[in-house]
Structure formats: structure tokens, C-alpha cells
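Colleague: Sharing the feature lines straight out of TrEMBL:
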{"type": "BINDING", "residues": "N97, N107, H112, E117", "note": "oxalate binding site"}
{"type": "BINDING", "residues": "H110, H112, E117, H159", "note": "Mn(2+) binding site"}
{"type": "DISULFID", "residues": "C32-C48", "note": "disulfide bond"}
{"type": "DOMAIN", "residues": "62-213", "note": "domain 'Cupin type-1'"}
{"type": "SIGNAL", "residues": "1-22", "note": "signal peptide"}
Amino acid sequence: MGCSKLIAGMFTMLLLAPAVLATDPDPLQDFCVADLDGKTVSVNGHPCKPMSEAGDDFLFSSKLAKAGNTSTPNGSAVTELDVAEWPGTNTLGVSMNRVDFAPGGTNPPHVHPRATEIGIVMKGELLVGILGSLDSGNKLYPRVVRAGETFLIPRGLMHFQFSVGKTKASMVVSFNSQNPGIVFVPLTLFGSNPPIPTPVLTKALRVEAGVVELLKSKF
């Protein structure tokens, strides 16, 4: 009798429980082209467009074929190809970027919080620097990577690229996430919204307030 009451109680709880959206680690269909305008709340990724509305070009993109404009303060240009730019990657856990560099240009220190990165230098020469965590003693792993050579950056580790050749350089990188995210260290520290209080940064960086304010003015 007690067992019957327990089962009945469990069914009652299930009936009264609110609907829950969940995710599966593997795709549940061949394609799930992102409906970027969809209003459905989801746990991971975007809702799928009906295949009848998806068209037939979601498996292809030419966006990385064109070099970016490197006339920027960093002397580099990032062309993103994540789910927002290529909805066909939705739920597949992959994306790509192209980065172009003027001579002396840099892709400043940054972190991808949601993805491991693997890249290939297409032309030029890049100093690739990968910084280990405190566990490794904040060790810097630097290497000049040339056209045709590759590099690997584990998820969450800070890294940078710097063009050390006399000509333009470019690289293409891939991520194991449709939305790897990016945290640029200089922009995050000195251009956050709202700003990080100056006393926090003067203590952390061991500099005078004037130095912090100068750096904030740059971002």
C-alpha cells in the first residue's frame, strides 16, 4: 500500500512540474540551422528553423575568403564565422575565425572561455604566445609560426599573436564551439562597462592612479 502511494505521489509531482527545456550532447537531427530571430528560450544553441525555410546554402560560406581591413589600432582584423555568422553550425560545436595582420600588427592577449583553438598560419610569420595558468608558474610558451605551420591553444588559456615578418600575415583558426566567446584582456581591464574602480587596478597592477586613468582613456 505504501509503495502504491509513493508511485502515485511521484506521478502527481511529474504532472505538476513546469516544462523544462534540456539539451543532448549529440545532434538529434542531420541539420539544425539556427533561427537567430527565434524567441524560444533554449539551454544550448538556437532553436532550429524548419528545414523547408532553411534554404540550401547553410553548409557553405565564403566569408573567410576575403581579407579583413588591418587599418585598426591593433593592426589586425578578425573575421568571425561563429553561429551568428553561419547559422548552419548551430548545435554542431564548431566555428572558425580568420585573422589578418599588417606588419607589426597584433591580436592582443585574450581568452576563449568556451573553446579549444587550433590554427594554421596561411601566410607571413606570427609570434604565437600561450600563457599557462598559475599551476604552470604563468609560463609563456612562445613560438614563431610560419606559413603552413599550426598551433594549439587549450581552452581558457590566455594567448596572443604578433606579426614579426616584413609582409602581411594571416591565419585561420577553428574552435570546438559554435560560440567560443572572447575576452580581450586590455579591453576588459580598461574598457569594461561599468568601469573597474581605479583603486582596484592600481593595487592589482601596482601603478599610480594616473597610469590607470591614462590606460582607461585609450579604451
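Just so it is clear, glycine is given a Cβ too, placed from its N, Cα and C backbone atoms.
Structural setting of the listed features?
Modeller: Take the CB of H112 (oxalate binding site) and look out to 10 A: across all protein chains shown you find 24 other CB atoms.
The Cβ of H110 (Mn(2+) binding site) lies under 8 Å from the Cβ of M158, H159, F160, I182, V183, F184, V185, each of which sits 6+ residues away along the same chain.
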Colleague: Between C48 (disulfide bond) and N107 (oxalate binding site), how many Å separate their Cα atoms?
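Modeller: Cα-Cα distance, C48 (disulfide bond) to N107 (oxalate binding site): 34 Å.
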Colleague: Would you mind reading off the Cα separation of E117 (oxalate binding site) from C32 (disulfide bond), to the nearest angstrom?
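Modeller: Rounded to the nearest whole number, the Cα-Cα distance is 23 Å.
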Colleague: Using a Cβ-Cβ cut-off under 8 angstroms and a sequence gap of six or more, which residues of the chain neighbour N97 (oxalate binding site)?
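Modeller: Result: V78, T79, E80, L81, D82, V172, V173, F175.
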Colleague: What is the set of residues, excluding N97, N107, H112, E117, whose C-beta falls within 8 angstroms of the centroid of the C-beta atoms at the oxalate site?
Modeller: V78, V99, H110, G119, I153, H159, V173, F175, P180, I182
Colleague: Quick one: which residues besides H110, H112, E117, H159 have a Cβ within 8 Å of the Mn(2+) site's Cβ centroid, in sequence order?
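Modeller: Here the non-site neighbours turn out to be V111, I153, L157, M158, P180, I182.
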